[in-house]
Amino acid sequence: MGKHILLLPLGLSLLMSSLLALQCFRCTSFDSTGFCHVGRQKCQTYPDEICAWVVVTTRDGKFVYGNQSCAECNATTVEHGSLIVSTNCCSATPFCNMVHR
């Protein structure tokens, strides 16, 4: 009986973590239209993660690369040589990292 009592908190913990987890899109490489060419999947966030997507463009606005994931995320825009790398984060709704271009 003692084992059954110990399983209850574990079960509740797993239930709560699954309820708090956020579903996001995962894509290793998407194009300028947002179409995923490599690794189209869904992911579920772990604690401290949210939905994220990264877009790399040239200084004159030409699309170079994009990806989506579940990740620890800080929204930033960084210039690196002739490229601009924009990291975007969201957690408001499931699959909020859908890319519309």
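Even glycines carry a Cβ here, placed using N, Cα and C.
Disulfide annotation in Swiss-Prot: Cys73 is bonded to Cys89, selected among Cys70, Cys89. In Swiss-Prot, Cys90 is paired through a disulphide bond with Cys96, chosen from Cys70, Cys96. Here Swiss-Prot annotates a disulfide bond for Cys51; of Cys24, Cys27, the partner residue is Cys24. The shortest Cα-Cα distance between Asn67 (N-linked glycosylation site) and any of the recorded positions Cys27, Cys73, Asn74, Cys89, Cys96 is the one to Cys27.
Looking just at the domain 'UPAR/Ly6' (22-99), the mean pLDDT is 97. Sequence-distant contacts (6 or more apart, same chain, Cβ under 8 Å) of Cys27 (disulfide bond) comprise Cys36, Val38, Gly39, Arg40, Gln41, Gly66, Asn67, Gln68, Ser69.
Distances between the Cα of Asn74 (N-linked glycosylation site) and those of the disulfide-bonded residues Cys43, Cys89, Cys90, Cys96 are shortest for Cys89.
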